[in-house]
Number of protein chains: 2
Amino acid sequence: MTSGFSHSSSVNKPCPHSKCQDCLGRIQRYIVTKLGEDWLFLVLLGFTMALISWSMDYASAKSLQAYKWMYVELKGNVPLQYLAWVTYPIILIVFSSLFCHLVAPQAIGSGIPELKTILRGVVLKEYLTLKAFVAKVIGLTASLGSGMPLGKEGPFVHIASICAAVLSRVLSIFTGVYEVKLTPDLLVCACAVGVGTCFAAPVGGVLFSIEVTSTYFAVRNYWRGYFAATFSAFIFRVLSVWNKDSVTITALFRTNFRMEFPFDLQELPAFAVIGISCGFLGAFFVYLNRQVVLFMRRPTALTRFLTKHRLIYPAVVTLIIATFTFPPGFGQFMAGELMPRECINSLFDNFTWTKIWRSASPPGLGRSAMWLHPHVSVFIILLLFFIMKFWMSAVSTTMPIPSGAFMPVFILGAAFGRLVGEIMATLFPNGILFDGIVYRILPGGYAVIGAAAMTGAVTHTVSTAVICFELTGQISHILPMMVAVILANMVAQGLQPSLYDSIIQVKKLPYLPELGFGHISKYNIFVEDIMVRKVKFLSPQSTYRELDLLLQSTTLKTFPLVDSKESMILLGSIERCELQAACDWWLSAERRVYNQGQGISSPGSKVSWECFTFIDEEEQEENKEKVRPKWIHRGAAHSIVCSVATVYHCDITTDATFDWPLQIKAWEEAEMDKPIDIDHIRIDPSPFQLVERTSLHKTHTLFSLLGLSHAYVTSIGKLVGVVALKEVTRHLTPNCSLCAADWAAHRSGQMQR
Amino acid sequence: MTSGFSHSSSVNKPCPHSKCQDCLGRIQRYIVTKLGEDWLFLVLLGFTMALISWSMDYASAKSLQAYKWMYVELKGNVPLQYLAWVTYPIILIVFSSLFCHLVAPQAIGSGIPELKTILRGVVLKEYLTLKAFVAKVIGLTASLGSGMPLGKEGPFVHIASICAAVLSRVLSIFTGVYEVKLTPDLLVCACAVGVGTCFAAPVGGVLFSIEVTSTYFAVRNYWRGYFAATFSAFIFRVLSVWNKDSVTITALFRTNFRMEFPFDLQELPAFAVIGISCGFLGAFFVYLNRQVVLFMRRPTALTRFLTKHRLIYPAVVTLIIATFTFPPGFGQFMAGELMPRECINSLFDNFTWTKIWRSASPPGLGRSAMWLHPHVSVFIILLLFFIMKFWMSAVSTTMPIPSGAFMPVFILGAAFGRLVGEIMATLFPNGILFDGIVYRILPGGYAVIGAAAMTGAVTHTVSTAVICFELTGQISHILPMMVAVILANMVAQGLQPSLYDSIIQVKKLPYLPELGFGHISKYNIFVEDIMVRKVKFLSPQSTYRELDLLLQSTTLKTFPLVDSKESMILLGSIERCELQAACDWWLSAERRVYNQGQGISSPGSKVSWECFTFIDEEEQEENKEKVRPKWIHRGAAHSIVCSVATVYHCDITTDATFDWPLQIKAWEEAEMDKPIDIDHIRIDPSPFQLVERTSLHKTHTLFSLLGLSHAYVTSIGKLVGVVALKEVTRHLTPNCSLCAADWAAHRSGQMQR
């Protein structure tokens, strides 16, 4: 690859083959340039993710097969059977937990909340490492292979993002100069690929990832996302055809409902009931999940014990869940033998269970037979399944392993929908009469609608409907499904944050509420109404005393720098840490010693100040890590100078031991009244500015779009106020000021770290 | 309504019923507040649009029925039949053209390009009037009823937008204080509703409207769009059930392909061929359409004649098209009798025409029999249909009537796909052998894929695939369709702009190219690489002479204002017209006369300057119209003062007639050297600023997101350069500098108007 560059540099040499070489060099350069382009990146990403998804599915399916085989082989010996039924998932879950804990604790959980935060502009670099990738892939395969109610879609978004991060680094090495930066654009595509490969649902994947991760969305990414997700879903399905799992490319959970008359208008109230109920249930699921997490975080003796012995919690949870689902035990009343995928397939089937219950099972019933208990009604079984799986799903997703909640919630929704469908089929045993033809009710269709509505309510998205179409391969129920999903969303959005926002709140990640329904009045609130008018500022004329007072009296992270107190023209902003460091240095012992010993300027100060360069706002985020080592370096230099100074001190103190604390005091007092040395402080030259008549709506847009934490309000260059995220948040959600405060606290914590 | 407010103001009165009244007032206020919320707006919008869409469909269907009836009744008398066949559409098209011309010429054409421009931030107010609404609805109904190859989806987007604009005004009247502003947010939703009701495709509608109209998209609008589009599609379909057009809510063009094995992997190359060919054909369609428009705009004797007699062009085009499609004539070789909707239904059918040709027609063939000519092969018919309809569609969409190109292109794509499908069915007459079972090829599936790919290529969108699913009610072909659409897009995007962008270019509307594929290198170009460093600026110290020189030497629309030449701190920007006016006023005769007569300050200047207030950037756009009358007002004031001055003059000139031109000259020279009166010029206090290290990518984002035309580059408050749309455009598309230049010319033209 590098030879290409030497060729290109030798273009101007007057050799006979120069033309040919020139051409060759050009071609190579062209290839290198093309390698840096994003379509190749997207193809590679799609291909890799398809391979990973398929392999993971394959491995976890084999694991579940082994689990089932073991259980069946031990038939007759119930205690041994129980032991096998319980031990197998415990081993896998504990292994997953241990592996993640040892390799990369960032791999724990869903990954979507973190991705959302990263796309909000916050750098969480440790989340996109190769280590996290390995931990997530291995851990997730083990989790899925255990048969616990866990999903793979959240982790898959995370895996795809890491994959994108690693790929961009690899491609950068290959292409040399043309660096493929991991931009938010590519991360959004990665999310789409993640969801797309997980369900073989490219359209739904793109939409879901948009809804879940973004506030503002560039339409060009939508195109890229489609390209990558389609390619990836295509490869994923081709792999399964190649492996003879299926005869051709079809949907993952294909349904076979009649198409000529999928439903009647008279069934719509039932669909609406499913939507509204799913809204409440979804909100309750989010609440329950958060309560479990919060309970585990409360400092009690039990939780302290569990934190110390990390593996006990997942092991106990798995033990309890496996015990409940043990088929010869309580499991027989809740179809406990069915693994997640089997649940979906059977809930979506074409039979009406209440009709075939206690009669000869029709051909093609398959695993659906599990729902038909000889003595217990189908309703009881479905209800028990729903209730048990509800808490199981809410609890199991809190285990410290890589796991998603989408699939478990999907199953819950399907079970609820099926329950309503079976009730409807009992209420109208002869179906619905229309135009002289009697159409029977399809409980499977209700299950699909329930699944879409429930996942929509929990994740606050409407694209779950699209995912459902792609998963089932049927679109005949589109309108009632959309209605149910929208109703579920309306209810759930009014009651609880989405599951991902809930996790963001619990984990105290940066958070700005969305502009939801009924926020149109925000157009009539302006920046001048919400801005803080008493702005603390600095000017080149400010003294160190003023600076010190400012630092001690406030906890602000940045301070505006104005031209002068009179003109108030905004020049830029300075970070708190910069000011603190400048202040500390100004009054430091080594500067004093050098000053008193050698004059005004000290060589030491030059060394330490040279480390700083003027860096663009955009680069700052990326360079934070680079800057930090410099800080350490400066600290080290500091301590070296200090020790020198201490030696020096001894020399001085021998002359005048008695009055040196007084002398220092006097020197410090004198120094404090000098104006601050503005040329040696790093300034952000273009802090974000608004004018007084900018609407709150536009402010929210800019804040969420550009990932701002604050903006200065200027009027013809003059600083007149400041608006922070806090003000915006407070005026958007009067009852949610807690979030903003939390956020600010977290942010400051992060800064100080 | 107002009584609610008087109640609320009487809360503090100590009357016995105050509590009850208070409560009542609160409820009423609550209702009024709720009325101002957007969900009600969206419901109303959805409902109205569903009604309009359904009525329009009903009316145009009745019109087509009458057309057909007339044609059938005259069977046996070919000349009379021809006369009826030709006259009916001519009357309707000419009526439509005349109506639009008389009522609102803005109603002509698709409407999507204009909406795209409006959402880009440009105000085209005359496009959203009630007049345009009436013209569009009536004109479109007549156009659709003529049976010409015209669509309704573009105009529907326009109609929905006007509907939103009118509704927001009506709601504002009802709710009083709570004004419902027509925000871009609501316009985007209106677009979604437009497409959604047109095809009863809510998901596809939302996605299509996003892709077509936006560059950046707020996810909250996506939610709103879904809500409104679903509601509207639902009502639209319920209306048709209520009218007994269909038994239940189903897809508009429902297909009935087998689901267990929709296609084999071996058919994929054929799908890919459809995709790539459709890419080329789509690009050619856009090219052809533009060439026709450009030809019509060229100033030749013919076009001048046609512009003068506006109705001749549509009449002649309709005559030619109707002549070609006349069923007993050439029409028999191109299924000329089929109306657009019948074409789609028959092209999507489940038969294999090459198999049933020349044999007894199977039951349920219906209108598809039109494709089977007793003597001519199906291939020839399909090919002729495709070729003839291709130019017909390209030409008929240029007629001065409300019309869309989506449906005609959809039909073209379906015909092309069907052609490929029939060829495949002939090549593999026994179908494809897989796993011992022979699966026959489904030409209808090919037609669906072709339709999606062709529309995708012409509009540069991928959501046409989703629209196809919703239109057909089947999703089994999702992956090959996505692949075909993406391939078609890749080819078409490389060759031509989208049809809408093409119209934008032809109409010279503001335009900023998208960041397409392979633009990742734009991350490595920074503002400092593209900015113009020699910035023309003004400072409070600038003299009128400098200002005059500046205005004469440049054509810039805005000038930056800096603190002083030395500090270069950016204070704001001033529009050219403001400066020109200030300059003109400074040297005006009335100011001179007042100055010389009464001293330095003149009362006239005060009157005229008082009209100006400092207005926020955001409000400027809205207030442009309000400002303009003020200009006129000022002009009027000016002329009044002028006439006074002239009288005055006469008084003066009687004293010293001989030297007054010299005196004026001297006065002007003296005045020119005075510094500009900055306090009396309207300044934009916060022009958009960038820093030198902002990437081109981010710049593009900000420009397209905030609808900027230029931005100043600052470094710690100092003005160091300027970046205009021109620079951004040039560096994005080195070969498309023409567009930018065009745009700039257009913009300046608009400004000067």
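Glycine is no exception: its Cβ is also placed from the backbone N, Cα and C atoms.
Since the structure is predicted, the reported quantities are computational estimates derived from the model, not experimental observations.
Copied from TrEMBL, the annotated features are:
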type	residues	note
TRANSMEM	A:39-61	transmembrane segment
TRANSMEM	A:82-104	transmembrane segment
TRANSMEM	A:156-178	transmembrane segment
TRANSMEM	A:184-210	transmembrane segment
TRANSMEM	A:222-242	transmembrane segment
TRANSMEM	A:268-290	transmembrane segment
TRANSMEM	A:311-330	transmembrane segment
TRANSMEM	A:371-392	transmembrane segment
TRANSMEM	A:404-428	transmembrane segment
Query raised in the report: Is it true that the transmembrane segment (A:39-61) and the transmembrane segment (A:222-242) have 3 or more Cβ pairs under 8 Å, skipping pairs fewer than 6 apart in sequence?
Result: yes
Query raised in the report: Which stretch, A:184-210, A:268-290, A:311-330, A:371-392, A:404-428, tops the Cβ pairs under 8 Å count with the transmembrane segment (A:82-104)?
Result: A:311-330
Query raised in the report: Same-chain Cβ contacts of the transmembrane segment (A:222-242) under 8 Å, 6 or more residues past its ends?
Result: 38-39, 42-43, 45-47, 49-51, 53-54, 185-186, 188-193, 195-197, 200-203, 205-206, 209-210, 248-250
Query raised in the report: Out of A:268-290, A:311-330, A:404-428, which stretch has the largest tally of CB pairs under 8 angstroms to the transmembrane segment (A:371-392)?
Result: A:404-428
Requested in this report: May I ask for the residues of the chain that lie six or more residues beyond the transmembrane segment (A:311-330) and have a Cβ under 8 Å from a Cβ within it?
Outcome: 71, 78, 81-82, 85-86, 89-90, 93-94, 96-98, 146, 148-149, 296, 305, 336-337, 388, 392, 395-396, 399-401
